[in-house]
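Engineer: From Swiss-Prot, here are the annotated features:
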- 201: active site, proton acceptor (ACT_SITE)
- 217: active site (ACT_SITE)
- 206, 217: Mg(2+) binding site (BINDING)
- 36: site 'ATP' (SITE)
């Protein structure tokens with residue numbers, strides 16, 4: 001079984017209930033699916049009216065060792081008083097197995113959506129990211145990957161070459177735009193940055209607000225530069241992004257040193273995310289959930305827009321990076 005073709009069709013509600021029951025959890029409510037395409041995630045309430053989330057991992061995306069590293073990082077963060085949703089241990093085990101599925105149970109953490117344009121909230125997030133990275137620097141992931149050009153650009157480019165989803169009449173222009181974007185990223189990429197363990201997918205949708213931030217979903221945790229956990233929080237025009245980044249860095253540096261040279265990686269990382277995300281969609285197209293939720297991927301208009309986006313991002317990479325005020 002490879003994770004590209006896997007569809008979760010055998011993960012029935014009874015299978016989920018049985019898996020939880022074997023861990024001593026009796027579900028007293030329905031299973032409410034949460035928004036996750038990579039894995040299958042459900043919220044529920046047990047007989048004691050405690051609320052939990054159960055995550056069933058997509059087979060073969062991560063190995064058991066890689067998932068356990070994610071769990072270990074989350075538990076270390078909780079121990080260091082960083083607000084993250086960490087897995088619950090059953091008989092000392094956080095990674096569980098049922099009928100060939102790896103799964104984990106988490107406490108359900110409610111909260112409002114993080115307001116990316118709220119400077120007070122941004123400052124608090126920056127402070128906790130500094131603490132998160134303080135923990136992240138204590139050791140590196142051994143089994144989980146490090147952010148790099150091969151995973152984010154080279155492998156997706158090979159996938160695009162053979163893809164049948166790309167309309168034949170638009171494929172040459174799309175591949176040309178992809179190659180130009182890869183060349184632009186490669187020219188501006190650095191590998192002399194300090195590597196640490198990261199959240200990996202730290203955008204506003206993965207932060208809840210309950211009198212402070214709560215970080216969720218460490219599924220994309222990996223090694224990489226600190227800026228990876230900062231840049232996706234920025235929004236608006238360059239002036240707004242500058243103010244937001246300065247707010248984050250000032251709070252961040254209460255706990256961790258930040259290398260401002262990494263700001264030059266923001267646009268390369270943005271380009272890498274654009275390419276990687278598209279490849280992710282295409283790899284999972286055999287899963288019925290993807291054609292259902294992303295039907296536009298088969299339309300010519302989408303590929304025209306995607307080609308234009310790649311061309312524009314290649315141009316952005318030729319511009320000077322975001323500049324902080326002189327005090328930085």
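Placement of Cβ uses the backbone N, Cα and C atoms for every residue, glycine included.
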Engineer: Have a look at the active-site residues (201, 217) and report the one with the fewest Cβ neighbours inside 10 Å.
Structural biologist: 201
Engineer: Which state, by DSSP, holds residue 217 (active site): helix, strand or coil?
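Structural biologist: Going by the DSSP assignment, residue 217 (active site) belongs to neither helix nor strand, so it counts as coil.
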Engineer: Roughly how many Å lie between the Cα atoms of residue 206 (Mg(2+) binding site) and residue 217 (active site), rounded to a whole value?
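Structural biologist: Just about 6 Å between their Cα atoms.
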Engineer: Name the residues of the same chain, 6+ apart in sequence, whose Cβ is under 8 Å from the Cβ of residue 36 (site 'ATP')?
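Structural biologist: The answer is 55.
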Engineer: Taking the Cβ of residue 206 (Mg(2+) binding site) as centre, how many other Cβ atoms lie within 10 Å?
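Structural biologist: Other Cβ atoms within 10 Å of residue 206 (Mg(2+) binding site): 19.
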